[in-house]
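Annotation source TrEMBL lists transmembrane segment at 58-82, 162-183, 189-207, 219-238.
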Amino acid sequence: MAQDGSREMEKSLLHRHTEKHFTAGEIVRDIIIGVSDGLTVPFALAAGLSGANASSSIILTAGIAEVAAGAISMGLGGYLAAKSEADHYMRELKREEEEIITVPDTEAAEVAEILEEYGIEPHEYRPVVNALRKNPQAWLDFMMKFELGLEKPDPRRALQSAFTIAIAYILGGLVPLLPYMFIPIARKAVVASVILTLVALLVFGFAKGYFTGSKPFRSALQTALIGAIASAAAFGMAKAVQG
């Protein structure tokens, strides 16, 4: 009865205490990948073509073509990466499942070794090992998580990753191209594009730093600096080739 009361109290405490953890890490990572490349690559392309004295219409056409190709390429890369991760998990799951069946004593010893690493004494972890041996599915989940460090992937992850990265790339890529849609003279459009994109890079860098737990202002400056260097290099090379 005392144990039941203690357990009820623990459940009550857990119910009242809600930990604020950030759980959308994979989606945020995909957005960061898509937007960061989307902002910098078309930005550098537009700057390079502006350095070559191309017209705004040509720059816009080339930029949109690059955004479309980049979104497809980046989305496909995200899909293949997530699919590869899921395939790896399933291979390891099958292997671990076979080991639990064929060499259960060895796997039980591995459980004990894992628990020992957390400072748990033999008389404390033996009941845990015995309990896991009676529950093969829980045992398998334990080994996947604590021995191999693998979390079960979401079956929708591959398509979700591809879609998120592609959309983020498109949204990021359109930012440096917007001035070329409204300003026919490329020399003027590139100035507006630089200002608009640097502001977008600062905002994006700040948001990236905020959500990833790093210093937001430092992240904003680093992100903007990388974009500025990429565009300046493309513009300079175009001028050098043309000259």
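Glycine residues also receive a Cβ, built from the backbone N, Cα and C atoms like all the rest.
Unlike curated entries, TrEMBL annotations are predicted automatically.
Long-range contacts of the transmembrane segment (189-207) within the same chain, counting only residues at least 6 positions beyond its ends with a Cβ under 8 Å from a Cβ of the stretch, are 35-36, 39-40, 43, 46-47, 50, 56, 59, 172, 175-180, 183, 216-217, 219-224, 226-228, 231, 235. Sequence-distant contacts of the transmembrane segment (58-82), counting only residues of its own chain at least 6 positions beyond either end whose CB sits under 8 Å from a CB of the stretch, comprise 30, 33-34, 37-38, 41-42, 45-46, 49-50, 153, 157-167, 169-170, 173-174, 176-177, 180-181, 186, 189.
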